[in-house]
Amino acid sequence: MTGYPDDLPFFGDDDDFVPAPAPAPRPGGIAARAQAARGAPRYLEGLNPEQRLAVETTEGPVLVLAGAGTGKTRVLTTRIAHILASGLAYPSQILAVTFTNKAAREMKARIGILVGEAIEGMPWLGTFHSIGVKMLRRHAELVGLNSNFTILDTDDQIRLLKQLIQAEGLDDKRWPARQLAGMIDAWKNKGLSPAEIPEGDARSFGNGKGRQLYQAYQDRLKTLNAVDFGDLLMLPIRIFREHADVLREYHSKFRYILVDEYQDTNTAQYMWLRLLAQRPALPDGSRPAVNICCVGDDDQSIYGWRGAEVDNILRFEKDFPGAKVIRLERNYRSTAHILGAASHLIAHNEGRLGKTLFTDRGDPDDARVKVHAAWDSDEEARAIGEEIEALQSKGHALNDMAILVRASFQMRAFEERFITLGLNYRVIGGPRFYERQEIRDALAYFRIVSQGSDDLALERIINVPKRGLGEAALRLMHDTARARNTSLLQAARDLIGTEEMKPKPRAALRALVESIERWQGMLDRTPHTELAELILEESGYVDMWKNDRSPEAPGRLENLKELISNMEGYESMRAFLEHVSLVMDAEQNDDQDAVSLMTLHSAKGLEFDTVFLPGWEEGLFPHQRALDEGGRAGLEEERRLAYVGVTRAKKNLHIWFTSNRRIHGLWQSTIPSRFIDELPEEHVEVVESGSSYGGYGSGYPGRPNPYGASRFDDTPVFSNSYSTPGWQRAQRNRNEATQRNWGNRSGHQVERIGYGEPDSGYGAGRGSFKGKVIEGELVAKSVATEPSRFKVGDRVFHLKFGNGNVAAVDGNKLTIDFDKAGQKRVLDGFVQPA
DNA sequence: ATACTTTCGATTTTT
DNA sequence: TCGAAAGTAT
């Protein structure tokens, strides 16, 4: 099938040729065929026809387009179970890749249930990165590494880059290491080596030294025997390209390749997959079929900004001729109203493969998607809090509810509100366990003990806790290490025998070095968890946090305990360290009933009975920056994000927008997201605000023109807010102005307010800025701020604050000393000459 | 080294 | 505006 002998010995691994699970006959054997003829095995029961087709089409390239809630994971796991149970391959002959450890764990667990516990041997099921490490450890010498290389965390990476930038004689303020790290990451996502990066990119950093710095970084990594996350894909790709024999062995090994979330693959991952999947041409010129099955949903591609290429999935049929495309459109999650809303919304995107979700569970009692308006973010939080409490009192579990926001700053209003209400909530996302400072510090201690040459680890903890070893001491160590071409630890050892350091730091350094040596001596004799505890105690690290008065300190000590207890699952400290940087997740305790609060991005893959989607306003969602930087593609990705949000809901969906939001400290008037207008009327119900701010506050300021008038303009709740002359004038001005000016730099429309009342009068849009027009559609605007028509000392009038004097002018932002209201900052469009 | 001041930036995040 | 992070002064 592959053109290679099937049973090539493969690196002599013990994970290879693990006996197939008990029920599985030998691949291709008579028993296998006999079983195939015997009718459907149990695991196929309950699959719908499309799912079943996706499971049973084992040969050749297959693309499964799995819409939200259509049983994607089930198909993937059943397919693997099917391949194993039919005896088509041994577990070790299946390559199954996911993006997150969570997804990999879930798949392992579910395959285990289907096939029985004998699944131990699926050595090649994991994330791109974990499989990458595994490959790289085997062939490290081919790229000049030792197989015990370390994987850098972001802090190490930044510190290293900073040193390199300084070594180039560049100002590290002007050329921040973070930015370079971001660029290198982006290059690696594209699979580009220093020699291959575009000239423009290379020139744009560090006075044209971009390429040089990238190369220097790679060289430095090599001498440190270290890699970064990007290398875990890049280096295997290089090995495959440069060593045909290695690639050939992987070809003969992997009979089946499965990829989860294919729409999220970046170029490097794509190249990696292509290399593994595509077989060399046969003598007759034809290419052997590839048993690759990619599962994904182009409508849920929301990671373009970090290098994912939707194009990979759109191009699948070209990449793999003869590919079968199977669509999963039967949704098992949401009501018909929610699906109708989602489908109608996503249909506004071009460049999709096209799917329409449906369900046959139509219940006349199902609620429509509810659209609510609030005056500002506080009212929004208050109203959602009330709704949650109401649901709770009706017996709904908080665990079944979630609030999904576009940007994390939105969470604050909810957290504050929930704290005052005493409502349990949990924030999902945020810094991962292993990214926390105390965990990284502890790991650095373990690293330097188990690997004395880990300079970056020593550097990290040299003065943590404070030992009086500051910059001067570190520089001396660096210089010594470089001069003698030794590790930092060896340099320290050498230095404490000389007079080069002042007595105090020298004594401190001696104490540290001696401790490290003592711990190193205990490595083989002491159980690793015990040793870990000892290290953290004796180094003074635990005391450091015990003496810390900050509120986080107790939590950090807890985390350290958890770290140690996590170590128990591993054989040795070294084994623990090998896995830890890739496979450690924060553990959420689900035992408490709590509302979930998270970003839309982190909600992908989850589902809740009731979902709240606040902040559907132009500029926030779709986010102005996505529009400015991504144009039409950016808008479509935002729309997919909206689609992801909508499809998280099983039964109830509440979409909210506010009329006013404070952005960068200024109150701005906002208009509802265009996505709200893209929802189908028949599945939506517009809810009148019942809160104290009702009436005026729930006012709906109408649509700007580029998207046409809103259907909601006519609904009573919104139209009554038009009745005031102020609103009517505001809208007139807005419509006029939006044709010329689509917001300003901060991303909002011309209709602005200072504090409180909306009044536009003289919108900031009197300018003649050019909007960004793509295919006749006004998508984004360029940055432009007209100088204010006011100057310091002018006497002005503001609708809410009355008369005052201009105290300062900053672009169109005025600081005004009001006679009555005191000093306020207001946009100039909201005051007029007194 | 620690406390105070200044500056900067403000979408989304995995491994 | 407001919070974090980096710089400066003691």
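Heads up, the Cβ atoms here are built off N, Cα and C, so glycines get one too.
The ATP binding site annotation in TrEMBL covers A:Ala66, A:Gly67, A:Ala68, A:Gly69, A:Thr70, A:Gly71, A:Lys72, A:Thr73. Listed in sequence order, A:Asp297, A:Asp299, A:Arg327, A:Leu328, A:Glu329, A:Asn331, A:Lys355, A:Leu357 are the same-chain residues six or more apart from A:Gly67 (ATP binding site) with CB atoms under 8 A from its CB.
Feature annotation from TrEMBL assigns compositional bias 'Polar residues' to A:736-747.
Taken from TrEMBL, the feature domain 'UvrD-like helicase ATP-binding' covers A:45-335.
Per-residue pLDDT, averaged over the domain 'UvrD-like helicase C-terminal' (A:336-605), rounds to 89. What TrEMBL records for A:336-605 is domain 'UvrD-like helicase C-terminal'.
Marked as region 'Disordered' by TrEMBL: A:734-759.
Within the set of binding-site residues (A:Gly71, A:Lys72, A:Thr73), the lowest number of other Cβ atoms found within 10 Å of a Cβ is recorded at A:Thr73.
Fewest Cβ neighbours within 10 Å among the binding-site residues A:Ala66, A:Ala68: that distinction goes to A:Ala68.
In this structure, A:Ala66 (ATP binding site) is part of a beta strand by DSSP. Remark: A:Gly69 (ATP binding site) has A:Asn331, A:Tyr332, A:Arg333, A:Ser334, A:Leu357, A:Glu607, A:Thr647 as non-local neighbours, by Cβ distance under 8 Å and separation of at least 6 in sequence. Following the DSSP three-state reduction, the secondary structure of A:Gly71 (ATP binding site) is coil. Within 8 Å of the centroid of the Cβ atoms of A:Ala66, A:Gly67, A:Ala68, A:Gly69, A:Thr70, A:Gly71, A:Lys72, A:Thr73, where the record puts ATP, the same chain has further Cβ atoms from A:Val75, A:Asp297, A:Leu328, A:Asn331, A:Tyr332.
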